[in-house]
Ligand code: GLU
C-alpha cells in the first residue's frame, strides 16, 4: 500500500573490492553522436553540479562527473543523499548500449520478516523504526561508484573526491531549502550531538541561511576513502566502528554487523527497456519499481493521441491519472528484490499485456475500481504491503564529450536518513522502504524484509533513444513514490507534447497511485479540478516533493534541465 501522507515532512518543505561480474547490456541501433562540448552536469545543487563539471573539464568521463556529483551532494545536500546511502546508476552510450548498476542498501544477514514487528507481532511505529538502527541498510553508493569507475572512469579515483573534500573542509553555505529541511528535520537531523552542533545554534534552532558550514570530519572521511579506496569504508576498523555506532544507536536490538558491510556488493543488472511510440526507454529494474512503473504509465497510454490532446486538456491529465492507477496497482503487488522473489518484469513490460491494461482506460470516465493485473510469469499470489512514503533523494545527470550519459539517483531515503551520523555523514533509513508487515490476509508481501535483501525502490533513473537510435534524454527525480510519475510526466511532455526538458519538468504535478488524484496547488491543474471531478475523480490539492533533473539532445547539443521547484541547476562545459 502506498500511504498518501508523508510521515516526516510537513507541507511547506515539500515545495520546495567486491565481486565484479561482466555487465549485462542492452544494445540498440548504432549511431554517430558526439557532443561538440565537454558535456554537462545537472544536479539538485549548483555546487554539486559544479563538482561534476570540474571532472569533465579535467578530461573526465560522465561516470567520473556523476561520482564527483554524488560525493559533493553528500556534503551540501545531506538531507537527501550521500555515501551513507545507496543509489542506482544507468549509463547510456551513443551506440545504444545501456548498463545499470544497483547500489541499493541491503538488510543485514540476520534480518527476517519480523524485523519491524514488536513482541506482539505488530509493526513498530514508523517514526521509531526510522530513528533506529533497524532502518539502516548497508550503504551502497561507494561500491557502486567503485564498480562504475573501474569500468568507465578516466580520472584517478582520488581526483573525484577533491571538490567534495574542499566543500567539506573549506565550507559551504546554508541555502534556503536546506534551512527549511533543518527546521522540519528537528528530532532527526539533530539526533546526534554531531548533527546538532554542525547545523543548529545553542537554542537548538537551525543556523541561518547563508551560514558557512565546515565539516572537517566528513572531509577526513572522504580524504581517507580517496586515498585508500572504497574498501576502507566497508572493511577493517571503519566498518567495525560503523557497526558499533549503529548498535549503540539501538541498544538491545539486532542491527547491522561489520560482516554485513564487508560482504556488500553493488550489482550489474539488466536494464529494463521498452518501446514507447518511436522511442526506446531504458531504466532501472528490480529492486527498483522505477522502470517498470514509468514504462507501464507510458505504454498504457500509447493508443491515445496525447499530442492532439495536449497539456491544456483535462482529458490528458485524466488519462495520465488512470494510467498511474493501473501501473501502481501492479507495482504494489509485484515489485521487490528479484534476487529473493520472482518479479515478472517481462510480463509487466510486455506490450500486449500493457495494451490490454491500457484498454481498460476510458477517455470519458474514471475506472470505478482498479486492481493489479495478471502479467505472465506470476508465480504467487502476493499481498500489497505497508511502505510509508518519504522523500530524501537526489537525481543527477552527467554527459561527457563522447556523448555517454549517466543518469544516477542517490538517496538516504527520508530527509537526513535515520538521523544517525558517523564520520561526518548521515546513515540512511532505507530499510523502511521494505513493507513493515511480511504478510497480509494470509498472503506474503513481495517486499517483505529478508536477510541480505534490498528494499523496493521507486527511483527511476532513465535514458531514452529516438527512432534513429540517438540518445536523446536522460531524466530522473527525487520524491519517494512520486518519482515514476515525475519521470513519466517529463517524458510525455518531451515526447508527446514537444516541450523542452525544462518545460516538461515544470509541468504541473498530478499523482494518482490510488483512488485519489493529488494535484499541485497553484498549478494550472487547479482550474481543471471541476472537469477532473466530472470525469469521476476524487481530487485533492496537495504539495508534493517534486525535484527532477534532466538532459536533452536538442539541435545537435546537450541541454540541461533542473526542476524550478528546487535549487537545482545545470553546468555545461
Ligand atoms: N527511498 C526512496 C526510494 O528508493 C526514495 C525516497 C525519495 O525519493 O525521497 O524509492
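Any Cβ shown, glycine's included, is placed from N, Cα and C.
Annotation comment: TrEMBL describes 104, 433, 457, 458, 480 as L-glutamate binding site. Using a 10 Å Cβ-Cβ cutoff, residue 104 (L-glutamate binding site) registers 31 neighbours. Look at residue 104 (L-glutamate binding site): DSSP puts it in coil.
If you take the C-beta of residue 393 (active site, nucleophile) and look for same-chain residues 6 or more apart in sequence within under 8 angstroms, you find 80, 81, 409, 410, 411, 412, 413, 459, 477, 478, 479, 480, 483, 547. Residues or ranges marked as active site, nucleophile by TrEMBL: 393.
Within the same chain, residues at least 6 positions away in sequence whose Cβ sits under 8 Å from that of residue 458 (L-glutamate binding site) are 288, 289, 290, 293, 480, 481, 482, 483, 484. Same-chain residues at least 6 positions away in sequence with a Cβ under 8 Å from that of residue 457 (L-glutamate binding site) are, in sequence order, 88, 104, 284, 287, 288, 289, 290, 411, 433. With a cut-off of under 6 Å between the Cβ and any atom of ligand 1, the binding-site residues 104, 433, 457, 458, 480 reduce to 433, 457, 458, 480. The number of other Cβ atoms within 10 Å of the Cβ belonging to residue 433 (L-glutamate binding site), over all protein chains shown, comes to 27. Reduced to three states, the DSSP call for residue 393 (active site, nucleophile) is strand. In this record, L-glutamate is bound by 104, 433, 457, 458, 480; the longest C-alpha to C-alpha distance in that set is 14 Å. Excluding the listed site residues 104, 433, 457, 458, 480, the same chain places 288, 289, 411, 413, 430, 455, 456, 459, 483 with Cβ atoms within 8 Å of the centre of the L-glutamate site Cβ atoms.
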